[in-house]
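Down below is the structure, laid out as C-alpha cells.
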Amino acid sequence: MSGGRRKEEPPQPQLANGALKVSVWSKVLRSDAAWEDKDEFLDVIYWFRQIIAVVLGVIWGVLPLRGFLGIAGFCLINAGVLYLYFSNYLQIDEEEYGGTWELTKEGFMTSFALFMVCVADSFTTGHLDHLLHCHPL
C-alpha cells in the first residue's frame, strides 16, 4: 500500500430510462425541454409563482401600491407572466395538466398570501423611521 491518497472519482450523472437526467433548472430555462414528470412541472410553476409574489410584494410595498388596484395588478401580472411562460415560451399542451385554468391557479393562494406579507413587511420597513420616533403630546 502506498502512502498516497486515493483519487476520488467524480460522481456519475444520473440515468433515467437510459438517458441522461437533465436538471430541473436547465429545463426551466430551455423552451424545447420535455417535461415527462407532470408533478415536476407543476412544482416549477408553483415556485415560479412564489418568486413573482416576493418580487411584486417588495415593489408594491416600496412604491406603495395599495387597495384594489394593487391587488388587481398583482393578480394580472402573476397570472399573465405564468401564462406567457407556459403557453408561449414552453409551448406545452395545457390539456395534459388539466387545462389552462388549472395551470393558472396552481399555487395562486399561497403566492397571494406571500405577496400580502411582503407588501406589509416592505411597507412597514420602509416607513420604520416614522414608527420609531416618539412625539410628545
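Placement of Cβ uses the backbone N, Cα and C atoms for every residue, glycine included.
What Swiss-Prot lists as topological domain 'Cytoplasmic' is 1-44 (among others).
Under the heading transmembrane segment, Swiss-Prot lists 45-65 (among others), citing similarity to another entry as support. For the transmembrane segment (45-65), the list of distant contacts is 28, 73-74, 77-78, 81-82, 85-86, 103, 106-108, 110-112, 114-126: same-chain residues at least six beyond its ends, Cβ to Cβ under 8 Å.
Listed by sequence, the residues of this chain that lie at least six past the ends of the transmembrane segment (67-84) yet keep a Cβ under 8 A from its Cβ atoms are 45, 48-49, 52-53, 56-57, 60, 100, 103-104, 108, 111-112, 115, 119. Taken from Swiss-Prot, the feature transmembrane segment applies to 67-84 (among others).
Per Swiss-Prot, the feature topological domain 'Cytoplasmic' maps to 85-103 (among others); the stated evidence is similarity to another entry. Mean pLDDT across the topological domain 'Cytoplasmic' (85-103) comes to 83 in this model.
What Swiss-Prot lists as transmembrane segment is 104-127 (among others), and the listing cites similarity to another entry.
Sequence annotations record features per position, and here Swiss-Prot assigns topological domain 'Lumenal' to 128-137 based on similarity to another entry.
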Checklist outcome for this item: Beyond a gap of at least 6 residues from its ends, the CB atoms lying under 8 Å from the transmembrane segment (104-127) belong to 42, 45-47, 49-50, 52-54, 56-58, 60-62, 64, 66, 70, 74-75, 78-79, 82-83
Checklist outcome for this item: Counting only residues at least 6 beyond its ends, the same-chain positions whose CB falls under 8 A of a CB in the topological domain 'Cytoplasmic' (85-103) are 31, 33, 35, 38, 41-42, 45, 48
